[in-house]
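Starting off with a structure, shown below.
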Amino acid sequence: MTGSLWLSLALSLAVLAQFKVSAAPNLVCFYDSQGSQRQGLAQFSMIDIELALQFCTHLVYGYAGVNADNYEMQSINKRLDLEQRHLAQITSMKERYPHIKFLLSVGGDADTNEGNQYIKLLESGQQGHRRFIESARDLVRRYNFDGLDLALQLPRNKPRKVHGDVGSAWKSFKKFFTGDFIVDTESETHKGQVTALIKDLSAALKQNDLLLSLTVLPNVNSSWYYDAPSIAPSLDFINLGTFDFLTPQRNPEEADFSAPTYEAVGQNRLGHYNLNFQMEHWLLQRVPANKINIGIATYGRSWKMSKDSGDSGMPVVPSTQGPAPAGPQSKQEGLLNWAEICSLMPNPSNSNARGPNAPVKRVVDPTKRYGSYAFRAADENGDHGLWISYDDPDSASSKAMYARARNLGGVALFDLTQDDFRGQCTNDRFPMLRAIKYRLL
């Protein structure tokens, strides 16, 4: 074959490879196995999983944990995972869905048995790392997973504080000199330990043709813990937790957009609280765009509005009183799943309702830059005030389009069990998942 023909063939293959990347983006579906333990309309069944799988490229089972004494990876719900064989149930679907990769995730803020076992793991040296790696590989192989997702529970950034203009200026001045924003004085050492762990873990998994992904949890400072250029070659993809920048638990006194795509300027906002900043950080660290998946949440964050919060609902909303009451399905203060949020929108069943069942006012973001919100001002007694920041199918679709436009790997959905998987709102099951998939096609 002549040199020109070889060149033409090489160029054609390169074009085809690029087309393949852009034509088949990732839709990484996180599945919180605790959803199968919920009651009533919130219970997520194997039938629900099967319906969702037609839209996913990867299914990530959450979650395993780390034993704080011996650093081995272990089940954190042995009754469900092992005795009821839920791990095996999930991977048994591989035969029917051979195009999907099934991963087991460790951490993910679900491992609450010990507060700092992940830092202890990093500091445990080669022996501790080896125990974790061997146990992780054994667990993944025993239950026939295709790989491991590493969702390390590392110290979080301190939340934004509420101050007046003068107070904010003084606080910034003070922080510059005292460094009181630092939450981990050993972060540089820990970064090196994370790098070593990921490289060794990847090498061990690759011996058995297993995948390794990294999930960066919300509000974990990537620059503190992840040496991106060093770890990227060892990772098949990276899921960014680009949501929960503000939550009622972290920011009880003010409500604001929890998952904006771009920076919402003004009002003492922090420039890194948005999807675009986080994604650009990894790109600037020379991580290939097609290894980055942006995270989209299927739930919203909800604050309790007080009389002093006003009645406009426009963020930043002052004088909030922490998390709003839990929803009837999600049963978690300060969090409402998409079905619960949708049911609060004006509809025939709540048009005359008052008090906690009164409808909310929906405010759509026409720019698609910040996200939608909904609110119900507090009544004359200061009760029943509610403010919700959320992504809906429209904004999720816009974020998926963002991922396509930036030639990213795709989207990671957190998670299937908080989507409207029963179609309670519009009779359309998994509306968030579907909206993302159709935009990624």
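Just so it is clear, glycine is given a Cβ too, placed from its N, Cα and C backbone atoms.
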From the ranges 107-131, 307-331, pick the one that Swiss-Prot records as region 'Disordered'.
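Here Swiss-Prot associates region 'Disordered' with the stretch 307-331.
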How many helix, strand and coil residues does the region 'Disordered' (307-331) contain under DSSP?
3 helix, 3 strand, 19 coil
Between C-alpha atoms, which of these recorded positions comes nearest to CYS342 (disulfide bond): CYS29, CYS56, ASN221?
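Minimum Cα distance from CYS342 (disulfide bond) across CYS29, CYS56, ASN221 lands on CYS29.
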Let me spell it out: for each of the disulfide-bonded residues (CYS29, CYS342), count the other Cβ atoms within 10 Å of that residue's Cβ, using every protein chain shown. Which one has the most?
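Result of the Cβ crowding comparison: CYS29.
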For each of CYS56, CYS425, count the other CB atoms within 10 A of its CB; which of these disulfide-bonded residues has the top count?
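The largest 10 Å Cβ neighbour count belongs to CYS56.
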